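In TrEMBL this protein carries:
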type: ACT_SITE; residues: His245; note: active site, nucleophile
type: ACT_SITE; residues: His476; note: active site, proton donor/acceptor
type: BINDING; residues: Lys247, Lys478; note: substrate binding site
type: COMPBIAS; residues: 68-77; note: compositional bias 'Low complexity'
type: COMPBIAS; residues: 86-111; note: compositional bias 'Low complexity'
type: DOMAIN; residues: 2-25; note: domain 'PBZ-type'
type: REGION; residues: 68-116; note: region 'Disordered'
type: SITE; residues: Ser501; note: site 'Interaction with DNA'
Amino acid sequence: MKECPYGEKCYRKNPIHFGEFSHAHLDVIYEKGNGGGDYDIPDKYSSELIHTQLKLLEKVLPKPAAAKAKESSTAAVPETPKNAPSTSGTSSTSSSSSTSNSHASTSRDSSNLAKKQKLAERNIRDYIPVVVEKGGMAKKLERAAPYNMFLTAITDSKPTHQEPLSVTLQEILDESLGEIESSVQINFMVDIGWLLGHYYFAGILDKPLLVLYGDESPELLGIGKFKPQVTAIGVKMPTPFATSHTKMMLLGYADGSMRVVISTANLYEDDWHNRTQGLWISPLLPAMSEDADTAAGESLTGFRQDLMLYLVEYKISQLQPWIARIRKSDFSAINVFFVGSVPGGHREGSVRGHPWGHARLGSLLAKHAAPIEDRIPVVCQSSSIGSLGANVQAWIQQDFVNSLRKDSSPGGKLRQMPPFKMIYPSFNNVSGSHDGMIGGGCLPYGKNTNDKQPWLKGHLQQWKATDRHRSRAMPHIKSYTRYNLTDQSVYWFVLTSANLSKAAWGSFNKNSNLQPCLRIANYEAGVLFLPRFVTGEDTFPLGNNRDGVPAFPLPYDVPLTPYLPDDKPFLMDYLQG
């Protein structure tokens, strides 16, 4: 069994994790205990956390069973239970230089498989911290109209478990939304064992699953041998610094319909535990008749066409049946725009204008956003920050805000650059989080980058989400918006996988002799909420309902809270000593 990468700093309270990873510090305490709840926990540890983790070990590795496993280390490897959410076995296929090494490896695999067999037979509540009663997701989605935007439930924030706009992964897979016959998961980080555990509890473990992933892992490389219904493909990137960062689900239902989910969460336990994540869930997209016109079924926002063009960019043959399915599905109920990024250099076209990145967002705002006063800030919020240049003008104003400030005002009027504000957790925000300093594990902004852009601090705002019960749940969500506190209005809102970086959004070349070319490194995907398409008005209500239109569900508190003079942004270096 692999050692947990967090070591003594591990805060997990999920039995699946303890079935997958060992913890030397817990093993020492556990061995000395009586297996019945009496443990001598050293003062340097949090007694409450360690005690909870030891209780989980008692469930996963009860003392008598552990003793028997030791005595029978030469026993044959048990078969993987047919329906168990297990991905084990990878290590036992590797060749060994000696019989004893091979035998030891087999014993370890045997032990791990046995544990997972026990896990499979237990109750869902032992493995998934927030469990909502099955069958209610369709009604929850109906009540979330017209925005269909949710935040993930936070394990240690009980009010979020009942919040109407909180959601769990099990709910997204809930049969009330449709009987899933096949699915696609496009994501950066995928813990395939954890994901298949969710598929197991949703009753769809045997259904075809296509996984496109960005971050390499040994479990994904060999998963097809042990779970033939799973096809896992690593997305090839043109440069070592580029990232396949999109988080998207395509869910196909038995009646021929489908659904699209755009998310900010990776597919592993931490991202669905105590981190604030955002998701947009499409309405049901029915299959069209075989003789339907090819132009039929498109949304007013052109979502279907933009999604297909985006998926084609992967150049992965296994996506072709899904692109064909999308083409024959009715997307007319979708009221948001698809805003994506794909690697490469991109120029403005005569039909679609700018196709990707911040330039695409700018072209949509220029066409459809209601006029906005220049004093209204562009508010950005993400879980990482790229290298933005020596001053605010270098990329933020010249490229990014220059696109995001656009609206449908007639040309000719001299416009001012709007203020730029960036929500990013401070050191104190993270240290006071549910998981303490480990809560900053989803915030990979480093000292080297921060030291090169000291000007940024003057634009930083703290993470506060009291209204949504998430001030202590560090944000892995990424969002961009403009709103007016005076008249309580939101002009537009973007939920996306894209952090505030040139790699994610693109950077224009500065060669005046060439047609502007937007250089993008990453794959990213998001949705743009524009009031004219969602509610038929110029703005969304902020804070309270307006004439029967629900307030837009911002993920954080407004007004924003600027950094104080002694505040500093949380840096990943703080976790490295």
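Each Cβ is built from the backbone N, Cα and C atoms, and glycine gets one as well.
Annotated features taken from TrEMBL, shown on the structure.
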residue	record	Cβ within 10 Å
His245	active site, nucleophile	27
Lys247	substrate binding site	28
His476	active site, proton donor/acceptor	25
Lys478	substrate binding site	25
Ser501	site 'Interaction with DNA'	23
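Between the alpha carbons (Cα) of the residue listed as 'active site, nucleophile' and Lys478 (substrate binding site) lies a span of roughly 12 Å. Separating the Cα atoms of Lys478 (substrate binding site) and Ser501 (site 'Interaction with DNA') is a whole-number distance of 12 Å. Here the CA atom of His476 (active site, proton donor/acceptor) lies 15 Å from the CA atom of Ser501 (site 'Interaction with DNA'). A gap of 12 Å separates the Cα atoms of His476 (active site, proton donor/acceptor) and Lys247 (substrate binding site).
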